[in-house]
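Trainee: Reproduced below are the annotations present in TrEMBL:
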ACT_SITE  HIS187  active site, proton acceptor
BINDING   ASP42, ASN105, ILE129, GLY130, ASN131  NAD(+) binding site
BINDING   ARG92, ARG98, ASN131, ARG162  substrate binding site
DOMAIN    5-150  domain 'Lactate/malate dehydrogenase N-terminal'
DOMAIN    157-323  domain 'Lactate/malate dehydrogenase C-terminal'
Amino acid sequence: METPMRVTVTGAAGQIAYCFLPLLLRGEVFGSRQPIELVLLDVEEALSTLRGVMMELEDGAYPLLTSIHYTNNVSEAFVESDVAVLLGAFPRKLGMERRDLLQKNAVIFKEQGEAINKHAKRSVRILVIGNPANTNAAVLAHFASDIDKKQITALSRLDQNRATSFIAKKLKVSPEDVKNIFVWGNHSNTQYPDLFNGVTDGGPLPDWLQDETFLRNEFIPTIQERGAAVIKARKLSSAMSAAKAVVDHLRDWFIGTQDIVNMIVCADGSYGIKKGIFFSFPCYCYGNGSFEIVPHFPWTPFGDPYIEKTKKELNAEWEQAFAALLPKSSL
């Protein structure tokens, strides 16, 4: 067996964590020989629920679980963390403006960024899932200033999985037979699902899937609004599919994959995206927590308005989130 890996999970009393944690401890993320030291973090009001989650995980008798601890202390939670899975965020409430949501979460991710910067291992790898994920990751990266920004990612794999599954269903094939369906930009309803680089059976997608009427009226809005559709049907947000996407993201990041996969990462100037903005790109994952933005995937003119819209939204989110945290001269 390997040396135990210390994994911190925030929002650990929530429904995504409830779906994710058994998958983690069954070895579906880091492999069947990687022991886990698990630290669960949530707010004080959730500690009773968190205690119940801990008891269930103990009762599961997972061979990979070497220790488990729960807390509502942010600094304590990130001590010597190897991996931080940040599921928790402040939820949008009735009547709340988006600016207020951004700023409330900015305070949370500032605190977590500072705690990670002070207490986690310098090699820590961080995945932000709590929404608004792109901007939460940007805030965290700013305040975890000693952590390389390439060690901080956020989740757009759920969007890619949704888009891939949608196309596979249309073609009546398995999702594993559809490749290179990407989602660019923000994890919001401005995201740009892009199938122009898609392939199946080693060849391009059929022309009828690239019809602009189909793209505008069916494919793109379906993917953009899928999360809302799940909430409307289930009266709860996505949990099983989100947990599966977290597993996919982490597994590929740590184990590696031959596929090109979506990750929200810090822009390095590729594709004309402003440096420092966290943006969903197609990425190569090499394993051991390393990745590279895939260069030079072509955008068609059809996609330009979608890209501009999601860029504009992310720039505005960044300014709104940091407005309460930084002097105006720093923005």
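Every residue gets a Cβ built from N, Cα and C, even glycine.
Bear in mind that TrEMBL entries carry predicted annotations, made automatically and left uncurated.
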Trainee: Using C-alpha atoms only, work out the spacing between ARG98 (substrate binding site) and ASN105 (NAD(+) binding site) and round it to an integer in Å.
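Mentor: Each residue's Cα considered, ARG98 (substrate binding site) and ASN105 (NAD(+) binding site) end up 11 Å apart.
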Trainee: Pop the mean pLDDT for the domain 'Lactate/malate dehydrogenase N-terminal' (5-150) in here, whole number is fine.
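Mentor: When the pLDDT values over the domain 'Lactate/malate dehydrogenase N-terminal' (5-150) are averaged, the result is 96.
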Trainee: If you count the C-beta atoms lying within 10 Å of each candidate's C-beta, which of the recorded positions ARG98, ARG162, HIS187 ends up with the smallest number?
Mentor: ARG98
Trainee: What is the interatomic distance between the Cα atoms of HIS187 (active site, proton acceptor) and ASN131 (NAD(+) binding site), given in whole Å?
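Mentor: Each residue's Cα considered, HIS187 (active site, proton acceptor) and ASN131 (NAD(+) binding site) end up 8 Å apart.
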Trainee: Excluding near sequence neighbours, so keeping only residues 6 or more apart in the same chain, what lies with its CB under 8 A of ILE129 (NAD(+) binding site)?
Mentor: GLY11, ILE16, VAL85, LEU86, LEU87, ALA154, LEU155, ALA242, VAL246
Trainee: So how many other Cβ atoms are close to ASP42 (NAD(+) binding site), meaning within 10 Å of its Cβ?
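Mentor: For ASP42 (NAD(+) binding site), the count of other Cβ atoms within 10 Å is 23.
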Trainee: List every residue in the same chain as GLY130 (NAD(+) binding site), at least 6 positions away in sequence, whose Cβ is under 8 Å from its Cβ.
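Mentor: Set apart from GLY130 (NAD(+) binding site) by at least 6 residues yet with Cβ under 8 Å, we have THR10, GLY11, LEU86, LEU87, GLY88, ALA89, ASN105, ASN136.
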Trainee: How does the domain 'Lactate/malate dehydrogenase N-terminal' (5-150) divide up by DSSP, counting helix, then strand, then coil residues?
Mentor: 66 helix, 27 strand, 53 coil
Trainee: Using Cβ atoms only, which residues of the same chain lie under 8 Å from ASN131 (NAD(+) binding site) while being at least 6 residues apart in sequence?
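Mentor: Once residues fewer than 6 apart are set aside, ASN131 (NAD(+) binding site) is near ALA89, ASN105, HIS187.
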Trainee: In which DSSP state, out of helix, strand and coil, do we find ARG162 (substrate binding site)?
Mentor: helix
Trainee: Among the binding-site residues ARG92, ASN105, point out the residue whose Cβ has the most other Cβ atoms within 10 Å, with all shown protein chains included in the count.
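Mentor: Highest number of other Cβ atoms within 10 Å: ASN105.
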Trainee: At the Cα level, what's the spacing in Å between ARG162 (substrate binding site) and ASP42 (NAD(+) binding site), rounded?
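Mentor: Just about 28 Å between their Cα atoms.
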